[in-house]
């Protein structure tokens with residue numbers, strides 16, 4: 001099919017009828033609710049309001065709304081440490097892209113949730129990617145992503161750098 005053909009056909013039909021035809025809209029007018037994705041400052045605030053992982057750098061590790069551990073640099077992928085910024089009330093159901101409607105959610109659980117807002121927490125936990133990490137595993141992930149490991153104990157940042 002030739003690109004733009006349907007638009008040309010609609011324009012020709014409009015000209016042939018001599019009047020204005022109402023264009024049927026099948027997509028959402030994004031000016032009503034704002035953008036579908038969260039702005040950067042909302043994502044930053046959403047990350048900050050999520051529960052920190054005990055003993056880990058809170059700028060790198062958090063727990064999502066279901067208690068799953070997620071890693072800052074893994075966003076939008078499908079692994080067990082990956083996360084998305086989820087609309088609590090789905091965008092398709094009128095949810096806005098604001099901090100009040102944002103939660104950190106493991107990517108697998110977010111895909112399972114889809115555009116539903118009535119799924120129970122138990123159902124979403126069952127659909128989450130199961131992931132058990134030792135402290136050493138978390139160190140290796142952090143080392144690979146940042147080049148160092150930062151542990152938080154009693155408010156003091158203790159870390160190491162492998163050279």
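All residue numbers here begin at 1 and follow the chain in the order shown.
In case you wondered, yes, glycine gets a Cβ from its N, Cα and C as well.
Since the structure is predicted, the reported quantities are computational estimates derived from the model, not experimental observations.
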Candidate ranges 1-30, 31-60 [criterion: TrEMBL lists as region 'Disordered']:
1-30
Per DSSP, what is the residue count of the domain 'HNH nuclease' (65-111) in each of helix, strand and coil?
11 helix, 14 strand, 22 coil
